[in-house]
Amino acid sequence: MKKQNNGLIKNPFLWLLFIFFLVTGFQYFYSGNNSGGSQQINYTELVQEITDGNVKELTYQPNGSVIEVSGVYKNPKTSKEGTGIQFFTPSVTKVEKFTSTILPADTTVSELQKLATDHKAEVTVKHESSSGIWINLLVSIVPFGILFFFLFSMMGNMGGGNGRNPMSFGRSKAKAANKEDIKVRFSDVAGAEEEKQELVEVVEFLKDPKRFTKLGARIPAGVLLEGPPGTGKTLLAKAVAGEAGVPFFSISGSDFVEMFVGVGASRVRSLFEDAKKAAPAIIFIDEIDAVGRQRGVGLGGGNDEREQTLNQLLIEMDGFEGNEGIIVIAATNRSDVLDPALLRPGRFDRKVLVGRPDVKGREAILKVHAKNKPLAEDVDLKLVAQQTPGFVGADLENVLNEAALVAARRNKSIIDASDIDEAEDRVIAGPSKKDKTVSQKERELVAYHEAGHTIVGLVLSNARVVHKVTIVPRGRAGGYMIALPKEDQMLLSKEDMKEQLAGLMGGRVAEEIIFNVQTTGASNDFEQATQMARAMVTEYGMSEKLGPVQYEGNHAMLGAQSPQKSISEQTAYEIDEEVRSLLNEARNKAAEIIQSNRETHKLIAEALLKYETLDSTQIKALYETGKMPEAVEEESHALSYDEVKSKMNDEK
């Protein structure tokens with residue numbers, strides 16, 4: 001409770017609310033006390049009261065630009081308003097005094113005095129009170145002063161990392177690292193050998209710029225690292241700074257943009273000023289698309305805060321003043337939405353594509369991340385690399401980390417191949433749900449569904465090999481089949497894609513042939529198949545009818561040119577027809593394969609119902625010999641205590 005109370009006390013908004021009510025109450029009571037139970041009347045009412053002879057005393061007192069008039073009634077008046085704060089129903093009170101305010105015009109004051117004298121009212125004129133002026137001034141200024149104080153305090157807190165000084169709100173939020181603090185080297189970055197070769201010259205520029213400038217070469221102003229998330233763009237930037245031995249300033253693109261106009265541009269100026277003082281230096285901007293999107297094409301357009309920030313960044317990178325010794329390295333996975341002025345030579349001279357690693361790169365990455373993990377002798381990192389096509393560095397690190405967690409969960413002292421195999425499944429499909437209650441009918445349906453995918457994949461194995469099939473539920477899937485490419489592929493042929501389409505259709509076709517039903521289990525298969533078939537027709541020009549024309553590209557996100565419809569209704573209809581034709585062709589091919597291999601299909605399904613998971617060796621044996629490998633056959637016997645405990649640990 002004490003911690004919660006301390007948090008409430010430190011909350012600036014609660015203090016602001018408290019001060020507001022305090023000042024409001026002070027003003028209210030101050031005005032109430034000054035009135036002393038009097039009634040406020042206007043000039044017309046004042047003249048009427050004097051004319052009626054109901055004024056006993058009248059006092060004039062100048063107060064700044066007005067004259068305050070107060071007086072006493074001869075006959076007190078009744079009022080239901082009263083003064084001060086009333087907590088109950090207001091009572092009828094007698095008002096003996098009144099106040100009014102008039103402008104200091106000579107004719108008005110003299111006429112009012114003459115009128116009061118004629119009606120036998122006692123008139124008194126007082127000099128202006130200096131203390132009253134200061135009190136009124138204080139009451140007017142104090143609330144605004146308190147408000148500004150809290151605003152500046154909150155702005156100082158929002159400045160983050162620059163102390164509590166409110167004037168640091170526009171300072172850069174970049175994290176600065178000295179060359180001694182950067183321990184990352186090129187040897188720590190695996191699977192990006194070509195990318196490192198592109199960055200070697202940048203390191204040489206920073207180490208020995210005279211070697212290049214004497215030949216008339218210009219130091220690159222910036223390097224743009226583009227690639228999918230998790231490929232190691234940030235790590236590469238740190239490695240460049242580490243190899244060059246220069247200070248490293250890192251900041252996210254979103255840190256520049258705030259709700260206050262001009263703050264982003266101020267932070268850009270501050271960042272480059274700090275880098276100039278430490279030159280030679282590297283500025284790393286992560287996710288630069290947050291601030292570098294094309295100007296004038298977002299929602300609302302116009303010269304908004306983001307555009308001002310981008311303009312300042314353009315000027316700093318290649319404006320009137322040079323930035324000798326400063327290299328900007330930026331990372332993004334959406335270079336298509338960046339402003340063309342940012343991508344031109346002179347700003348980002350080098351564009352390095354950091355792609356997904358090949359099998360050798362994946363093996364090297366696994367070796368780097370396995371340095372601090374005890375691995376059993378049966379762990380083959382080369383095999384793991386072959387089983388993880390398309391994985392980036394972050395995915396591979398996650399696989400080994402999950403394997404370590406699985407081994408710890410099973411009370412092991414080292415990580416073996418079964419732990420890594422389980423980790424791969426968890427990363428690809430999610431955690432297993434062995435405790436999930438599934439009816440026998442559904443288990444059979446899932447088994448034949450996955451066996452359908454498997455048998456089609458076994459027959460059409462020119463490009464891909466069936467690696468594993470299981471009916472253990474994981475994530476949203478009731479089961480799944482994994483088919484891996486025989487080797488890393490940069491390009492896919494039309495036949496390769498048709499084989500994949502047939503494999504995706506194998507599950508639904510098996511349901512229809514064996515059980516004569518259609519279930520929702522094939523929804524994800526259809527989604528993938530439709531996307532692939534549409535890409536074949538609209539992007540890759542693989543339709544004989546429509547020809548080698550690209551009808552659709554990558555749909556732009558907010559910040560780039562919005563896609564406009566550039567095809568006719570007839571062409572759109574023909575595209576749909578071609579997509580449907582490809583999918584029907586794949587469906588017929590899958591049906592033909594399953595009908596021709598009914599016995600093998602049944603064997604795989606029955607093995608799945610018995611063992612739940614089959615690896616590539618077991619699948620191959622069933623396909624070629626019709627039997628499971630002898631090593632897998634298990635004898636039925638009563639389990640000992642140690643065997644029961646071991647089995648429980650394996651199932652955790």
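Residue numbers in this text run from 1 along the chain shown.
Just so you know, glycine gets a Cβ as well, placed from its N, Cα and C.
Annotated active site per Swiss-Prot: Glu450, in sequence order. Under a cutoff of 8 A between CB atoms, and with a sequence separation of 6+ in the same chain, the neighbours of Glu450 (active site) are Val469, Thr470, Ile471, Gly479, Tyr480, Met481, Gly507, Ala605, Leu608.
Here Swiss-Prot flags Gly227, Pro228, Pro229, Gly230, Thr231, Gly232, Lys233, Thr234 as ATP binding site. If you draw a 10 Å sphere around the CB of Thr234 (ATP binding site), it holds 16 other CB atoms from the protein chains shown.
The Zn(2+) binding site annotation in Swiss-Prot covers His449, His453, Asp525 and rests on sequence analysis. On its own chain, Asp525 (Zn(2+) binding site) has His453, Leu504, Met505, Gly507, Arg508 as residues at least 6 apart in sequence with a Cβ closer than 8 Å to its own Cβ.
The compositional bias 'Basic and acidic residues' feature in Swiss-Prot is assigned to 634-652.
Per Swiss-Prot, region 'Disordered' is recorded for 628-652.
Per Swiss-Prot, topological domain 'Cytoplasmic' is recorded for 1-11 (among others), and the stated evidence type is sequence analysis.
The topological domain 'Extracellular' feature in Swiss-Prot is assigned to 33-131; the stated evidence is sequence analysis. Confidence across the topological domain 'Extracellular' (33-131), taken as the mean pLDDT and rounded to a whole number, stands at 72.
What Swiss-Prot records for 153-652 (among others) is topological domain 'Cytoplasmic', and it gives sequence analysis as the kind of evidence.
Taken from Swiss-Prot, the feature transmembrane segment covers 12-32 (among others), and the record attributes it to sequence analysis.
Under the heading transmembrane segment, Swiss-Prot lists 132-152 (among others).
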Around Lys233 (ATP binding site), which residues of its chain at least 6 apart sit with Cβ under 8 Å of its Cβ? Leu225, Glu226, Gly227, Asp286, Ala331, Val354
Compute the centroid of the Cβ atoms of His449, His453, Asp525, then list the same-chain residues not in that set whose Cβ lies within 8 Å of it, in sequence order, for the Zn(2+) site. Glu450, Gly452, Met481, Leu504, Met505, Gly506, Gly507, Arg508, Ala510, Gly521, Ala522
Would you identify the secondary structure of His449 (Zn(2+) binding site) according to DSSP, in three states? helix
Near-site residues: ATP, ref Gly227, Pro228, Pro229, Gly230, Thr231, Gly232, Lys233, Thr234, CB cutoff 8 A to centroid: Leu225, Ala331, Asn333, Val354, Val392, Gly393, Ala394
I want to check the contact list for His449 (Zn(2+) binding site): same chain, sequence separation of six or more, C-beta distance under 8 angstroms. What comes out? Gly478, Gly479, Gly507, Arg508, Ala510, Glu511, Thr519, Gly521, Ala522
Please identify which of Pro229, Gly230, Gly232 has the densest Cβ environment, defined as other Cβ atoms within 10 Å, among these binding-site residues. Gly232
